[in-house]
Amino acid sequence: MEEDFLNDLNEQQRDAVLYTEGPELVIAGAGSGKTRVLTYKIAHLLQMGYPPYRLLALTFTNKAANEMKNRIAEVVGIETASRLWAGTFHSIFSRILRANADRLGYRHDFTIYDASDSLSLIKSIIKEMQLDDKVYKPSTVQSIISNAKNALIEPHVYAKNRELIEMDTRSKRPLICEIYRIYRHRCFVSGAMDFDDLLLNTNILFRDHPDVLQHYRDLFAYILVDEYQDTNFAQHLIVSQLGKEHNRICVVGDDAQSIYSFRGANIHNILGLSKEYPGLKIFKLERNYRSTQNIVNTANSLIAKNKEQIPKQIFSQKEQGNKVKVISAYSDFEEGFIVSNRIAELRLTTHCRYNDFAILYRTNAQSRTLEEALRKRNIPYRIYGGTSFYQRKEIKDAIAYFRLTINPNDEEALKRVINYPTRGIGNTTLTKLIDRAHESGLSIWNVLDDPKGNGVEVNSGTLNKLQGFKELIESFRLAATRQTTAELAETIVRQSGIMRDITAERTPENISRQENIEELLNGVQEFCTLRQESGEENTTLSDFLAEISLATDQDNGDEAEQDKVTLMTVHASKGLEFKQVFIVGVEENLFPSSMSQESEREIEEERRLLYVAITRAEENCTLTYALTRYRNGQTVSSPPSRFLKELDPRYVDMPAQARQEQPLEERPWRNSFAGEWGRKPFRRDDSDDSRTPAPRPFTAPAPAKRLTRIESRPASDNSSAPQTSATTAAGAIVVGSRICHARFGNGTVSAIEGTGDNSKITVEFDNVGRKQLLLKFAKFTLIE
DNA sequence: TCTGTACAATTTTTT
DNA sequence: ATTGTACAGA
């Protein structure tokens, strides 16, 4: 087979693919076909005779990893592709750590603590040390520890690092290092590693066990790394350790898209690469295939303001296209209104599907207003990165039981479920157990094994309860040896009492919890089946846990098929592209974030972030800012972002500058704006009219008008309390009634149970599917 | 020991 | 506005 795919590549791309004589850095501008180069490079290496299991391809996200695997499978077939070492840093190195866990004193089925496990552990340590959690803010402590780990600083090194100690002393937190030491020890006793440990411990493994390092050095004949600008020191060092000796490495990245420094990513890893690899050959991919010229030029004009970067000339040969549009709104409400209007409009004029639209924002909190606006317009949408499936309470509870079954030393899991469902083991008892455990360096489970022998004083009733819990978990461990994994999962959910607890009362919440648990069990089953198909005979619950603890991507396959507008943070959008992009909230204190104004370095990162956002767009890019916005319960006003002034006006449509100076009255917007609904949308300045001359086809429909009435009940509004309106509406409800819910939008009543205020209705919502509502609580109105 | 209520703090981004 | 925590009362 000839390498006919080479015809799919431009000259720069082809050079990058074919060069295999030494270390290589590919600077890949936004939309320049980076994934294509990586894919074909791997295909090329395979063709040269490298066996697939000797190629290591590292990415940053699961999404990127999957995409790469799929694209490679298309070129070389799934058989070969599945033998590659391709995945995220975290997944690949957790695999390697599991294989060598004994070298570090861990078991191969160690638990992976997610961010909330680690935060909760830090909280309890702070509490046990009787420190003030206002001085030692758990989240701050967590990020300090995380940064230390990413810089490969272990506690004993931390203690000797004058700079760090001085910093902690200055911020009146001299005991951080001690917390770190205890935290690390407690993770170890619990048989757990947190996210950062996966990288830190890999480095320790390689450092302390040269034979292991040598093994993987020999194994990986060629190393490819995507998004190198996002690597932190721990990742960078792993790559050098594995790749430096044979020098067959290819890293791809774009310094202009480095946006993860808050997580320890160091842009100098890529900027300083040529010093590290003397023969480093640099290729630049400068042709952008994604966006129109106006979009590319706008983005270039912005990023040009950054000082630290590798020089490159990104260009587009697509049509010039529309100018990038900047729109000013009075409030975040109006901003949502404008965006949803434009989506409706553009969908007609450009024949785009909803899938072609994305709304990008700086912070997750901004999604709310946008959701409301979209719902009013009946525009379907999907939010990326909300609370994912595995973050839901009932799922975390079930998983905590799974985790305990595999690893009873798992402290966080144990704390979570020792008294859920309620079994009379309260805080007092738990505290005794924990104190005892830590005094003797044991896990809580060890103490639980023999409370008396470990000196825990409890009355006999409590002792029985503890015994009962212990036996429960042990019965699961026994079941694990006799049942299939899917059966085991079901046993646990039932025997633990989770199922009983959430089926006790048939509230709408509980029904959705049950569905989630069902979905989890299906997930286990599906996972086992899938593994069986790929030749893995015995899939254990431990395998399942290992898989999901690193899965954060929530793009459910069938979800993605539906035609919906995408809402997500700019960070989450990296690597994606959309025909129509809206970037909202381009204001001072938001974008750039108020947290990032201290140094030029931080501002440069915010600038790169906006660069990433703009370069997601293929055809149209619209930036909006609101002069006032609801934040933490109150209205604040901020000027437009400084970045807007940095965009080259030749490629951008700006609203009249005078507008921005408009004095702001006190808030009445929120109330009065709703009243404007259904009439003409706000008209701000002439710039708006030239492009959207036609009378808007979508003035707000009548139902929406009514919806705004119940929603615009501000504290000051003394007209009707929401309860009243719901009760009034309730009386008239029949099957088939159309209702409008404050959160779920419009829907049709499909069933009614019970009477009066205690009755429950089932509603098929147009956008969010079936929900059950209790009349007593639900906020909705009858429409039509 | 559990439950309910009141009050406080919180918010940048996430593998 | 929501969420978590602290404290009081059962």
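From the backbone N, Cα and C atoms, a Cβ is placed for every residue, glycine too.
As annotated by TrEMBL, domain 'UvrD-like helicase ATP-binding' applies to A:7-292. Residues annotated as ATP binding site in TrEMBL: A:ALA28, A:GLY29, A:ALA30, A:GLY31, A:SER32, A:GLY33, A:LYS34, A:THR35. Positions annotated as domain 'UvrD-like helicase C-terminal' by TrEMBL: A:293-575. The region 'Disordered' annotation in TrEMBL covers A:656-726. Feature annotation from TrEMBL assigns compositional bias 'Basic and acidic residues' to A:677-691.
Shown on the structure are the features that TrEMBL records.
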residue : record           : Cβ within 10 Å
A:ALA28 : ATP binding site : 28
A:GLY29 : ATP binding site : 25
A:ALA30 : ATP binding site : 26
A:GLY31 : ATP binding site : 23
A:SER32 : ATP binding site : 24
A:GLY33 : ATP binding site : 22
A:LYS34 : ATP binding site : 23
A:THR35 : ATP binding site : 17
Point to revise | Secondary structure at A:GLY33 (ATP binding site), reduced by DSSP to three states | key: coil
Practice item. List the other residues in this chain whose Cβ sits within 8 Å of the Cβ centroid of the ATP site residues A:ALA28, A:GLY29, A:ALA30, A:GLY31, A:SER32, A:GLY33, A:LYS34, A:THR35, in sequence order. Key: A:VAL37, A:ASP254, A:LEU285, A:ASN288, A:TYR289, A:ARG290
Check your understanding: Taking all residues of the domain 'UvrD-like helicase C-terminal' (A:293-575) together, what is their mean pLDDT?
Key -> 87
